[in-house]
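These features come from TrEMBL:
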- 13-382: domain 'Major facilitator superfamily (MFS) profile' (DOMAIN)
- 16-35: transmembrane segment (TRANSMEM)
- 47-67: transmembrane segment (TRANSMEM)
- 74-94: transmembrane segment (TRANSMEM)
- 100-119: transmembrane segment (TRANSMEM)
- 140-160: transmembrane segment (TRANSMEM)
- 166-184: transmembrane segment (TRANSMEM)
- 205-223: transmembrane segment (TRANSMEM)
- 243-260: transmembrane segment (TRANSMEM)
- 272-290: transmembrane segment (TRANSMEM)
- 296-315: transmembrane segment (TRANSMEM)
- 327-348: transmembrane segment (TRANSMEM)
- 354-373: transmembrane segment (TRANSMEM)
């Protein structure tokens, strides 16, 4: 009877962890359809819009170092619910604000709330993964990607039907609130075990994992910001079709993550890291070296497949270390990793200015050699730790 009870509780907790990632993805993806409306209401030029987008990442990075301690004090569930409230308030504000400084304020709140949800979802996922003794993190991150797509599609559809941005956001909030109303009671009420109690010094492993996430996010950011530019400038793809490269990359990332748990369980974390890094490097090199648009898109697909399970493995490893509290470790890893998203576009642009975009992309891909070098240190065995 007890085994059935344990399985039931584990199943509910697992579902709640999955919903945590899905809702976090919905929140993050909801901003993109609002950007054109915010730009028009506030009459923003490119420079002002760029500064606004920086505020989103800055809000996340400023909040992330504190999330682990907050979760340690009030628990995972309460931290996640607070993050969701912050996301809802900021999205409503972003759908209505008509001045630059109001948008700055709401984007800082949005970034801080998204950053809180990001660390918390990984904390929930790592505890559930350890408890069940299975590889689950890739699938969790896959659901985050699905949430991104879901919110973008739903909001775009509602806006196309004639709803105002605020009304469309309201519908999305009601959908998320309905899911939370059922699943919140099954979220982990606590932050983590006491195995690292009293250890607050940032460990070398956490810094290493953060650095590897920085590289992975830098490569991912290169696809988001530069793949379309590359296809248009170097492969003569029309501007209207140039986004196909990033679409192919993102689709492969989502597919790779949704199937990644089985792959990690089959091959092991170390092999997935090595093969993933090699595949991404080969894909980036192929995309740049062969002067054919279809081959370049195929290369971007390979980059997506290779990258898909790297960050989930790094987050999972941070959740398995015992040198510092898990919440603080994940906050450190995420904060350093997010710097790759913030700094990536500028760094790649700077290198491209000094050399060329092709060389900049190849150099970006070669940074993944760091994953090969450290694969033994950051990999792990799947064991039941209940």
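Don't overthink the numbers, they just go from 1 along the chain as shown.
Glycine too: its Cβ is placed from the backbone N, Cα and C atoms.
TrEMBL annotations: computationally assigned, not manually curated.
Sequence-distant neighbours of the transmembrane segment (47-67) (same chain, 6+ residues past either end, Cβ-Cβ under 8 Å): 31, 35, 38-39, 79, 100, 103-104, 107-116, 118-120, 327, 331-332, 334-335, 338-339, 341-342. Between the transmembrane segment (296-315) and the listed ranges 243-260, 272-290, 327-348, 354-373, the one holding the most Cβ pairs under 8 Å is 272-290.
The stretches the transmembrane segment (16-35) and the transmembrane segment (354-373) do not meet in space: the count of Cβ pairs below 8 angstroms, excluding pairs fewer than 6 apart in sequence, stays at fewer than three. Most Cβ pairs within less than 8 Å of the transmembrane segment (354-373), among stretches 100-119, 205-223, 272-290, belong to 272-290.
Most Cβ pairs within less than 8 Å of the transmembrane segment (205-223), among stretches 74-94, 140-160, 166-184, 272-290, 327-348, belong to 327-348.
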